[in-house]
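Copied over from TrEMBL, here are the features:
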| type | residues | note |
| --- | --- | --- |
| DOMAIN | 5-43 | domain 'EGF-like' |
| DOMAIN | 55-92 | domain 'EGF-like' |
| DOMAIN | 183-342 | domain 'GAIN-B' |
| DOMAIN | 350-591 | domain 'G-protein coupled receptors family 2 profile 2' |
| TRANSMEM | 356-376 | transmembrane segment |
| TRANSMEM | 388-407 | transmembrane segment |
| TRANSMEM | 419-447 | transmembrane segment |
| TRANSMEM | 456-474 | transmembrane segment |
| TRANSMEM | 494-517 | transmembrane segment |
| TRANSMEM | 538-562 | transmembrane segment |
| TRANSMEM | 568-590 | transmembrane segment |
Amino acid sequence: GVLPYDNECQNVTYICGNNSKCTNTEGSYYCTCGPGYISTGLNNFRPNDGTECTDVDECKNAHICGPFSHCHNTKGSFFCNCQRDYISTSGTQHFHPDNGVRCKEHPKKNCHQNILCITQSINGTLEYVTALYELVAWKRIKQEHRDYTITKLLHTVEESTLILAKNYETTTEIEIYEQMKLYSFDVHQRKKTMLSVFMGGDHVHLHPKRLEGSTNGSVAIVFLRYENVGDILKPNTDPGVTEYTSSETGEITVNSQVIAAAIKPADMYQLDHVTFTLRHTVAIDTKVDVTKCAFWEYDPASMKGHWATQGCEQIGVNSTTTTCSCNHLTHFAILMSSGRANMAAHYNILTRITQLGMIISIICLSMCIFTFWFFSEIQSTRTTIHKNLCCSLFMAEFIFLVGINMNTHKLFCSIIAGLLHYFFLAAFAWMCIEGIHLYLIVVGVIYNKGFLHRNFYIFGYGSPAVVVAISATLGSKYYGTNKLCWLSTENNFIWSFIGPACLIILVNLLAFGVIIYKVYRHTAVKKPEISHYKNIRSCARGALALLFVLGATWTFGVLHILNETTLTAYLFTIANAFQGMFIFIFLCVLSRKIQEEYYRLFKNVPCCFDCLR
């Protein structure tokens, strides 16, 4: 049979090169230039013979686009557009003459004589300003050139609308589309009346001064609302707002639409102040984000402008709106400085502090547990309390270190949060037990040691279980959040831990108040018993130290919940992470009895003897 010949045009991609096409023949092939290109050699050529395809400049033909038009050459083609005051018969800005499209006179060529025509032109300019931000080419222009262009547009639109409003001789209130409102009235009729305008969810209120006398004349007031202008006019480098940036805040952005208000003539309708409420483009977190009332200040001669804040103050803010008061009119907007990025950097530091502190605390708590468990000479009700307190805190901090960030599985995260809730409350319960125990000693209550210990265990581990069980029954969905495996602050659920902790701190403070009063009263009167009360005083100091460590930690925690700042975050993190170390120092290192036990333990070890002497 006959073998089919090879199709070189299909076997090799771009065999003829760019701007050309391949034509297959029997046993061979040839190349030709594509539309809009011309060969530098033969019309039919082979690759690598030195022939290239170059662009044809169709615009060399001066009449190719027809009268009242301009020609623009592109690679492989061209397009036409119409001269000023002319439009294409197709209605498009760019056209190709092969389709029979030509340029004709614009029906609104003499627009300056027609108010409706002027209005439509201004509205077209507003739409043009809005559309600019969407253009890729616009984003490539240098920022200073963009600022100049937009400032000139803003100024021109404002002046044009004022002239338009002045042309209405009678009292007029006109809303021309949602982004433009015109007012024209006799100043004598409204010189004491506040003028309010609502535009696309934004509110502006003009408060005139109370002028005396018979001031008459027509006044024009215009209100304009621009979309996307804030995305173009970047405030980051403006000197008028540099003091607004601090270590607590991040990048400054415009977080609202730009609202403009102008009066002509300004001296006939003098303002006391203007208030405005602007919607946020992006909802803010009032705890970490900072908003500022600002305006676009520019020189009409040079058209150079920048964001400034002088003469404006913020009078209200929530997550969706900011309300401002200014003593002048211009182009207003809301600047936002987000603290989220900065808080993220602090979060990394706080995480490292927590991890280091927790590891040190777990080691120190392990040493405390070893000390209170194995040194027989110091065994007492007090060391039993300390042993259980340290065990509870050890479990809480170990679970915290291992599981606080395991929030990918909701059920597992909820269990982690529940265990943390339980063991932290258990630590507080045993701290409360120590205060109660000291109180019983001081007031001289006679008790059965076994019975007392049994009740201590019931209270120390039973009461936290009751609190956690009730909390889980009423709000199990609040155990674990999207960020951490801890109690949610939503619906104040965090107070299921903070509330009992604060109550225990209050009970201990009252108990220690009575203890201190009794101790100093007895040591002042009954000298023979001074050694007994000296021992109680020593125990009370240790208990107060415990109260201070746990109490101060969660005091900082409450402050951070109520007012979430970087300072409270660092105070709470450091106190919480290192509380195990502080407990070891107060209960073991500073205790004379425990020092003696460690001395006996290590006195026969040569490397440790010199340290313990």
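Including glycine, each Cβ sits where the backbone N, Cα and C put it.
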Checklist line | Dominant neighbour of the transmembrane segment (568-590) in 356-376, 388-407, 419-447, 494-517, by Cβ pairs under 8 Å | finding: 356-376
Next item on the list: State the residues, same chain only, that lie 6 or more residues beyond the ends of the domain 'EGF-like' (5-43) and have a CB under 8 A from a CB inside it; answer 'none' if no residue qualifies.
Entry: 49-56, 58, 75-78
Checklist line | Residues in the domain 'EGF-like' (55-92) grouped by DSSP into helix, strand and remaining coil | finding: 3 helix, 16 strand, 19 coil
Notebook entry, point to check: What residues in the same chain, six or more past the boundaries of the transmembrane segment (356-376), come closer than 8 Å to it by Cβ-Cβ distance?
Noted result: 383-384, 386-387, 390-391, 393-394, 397-398, 400-401, 573-574, 576-581, 583-584, 587-588, 594, 597-598
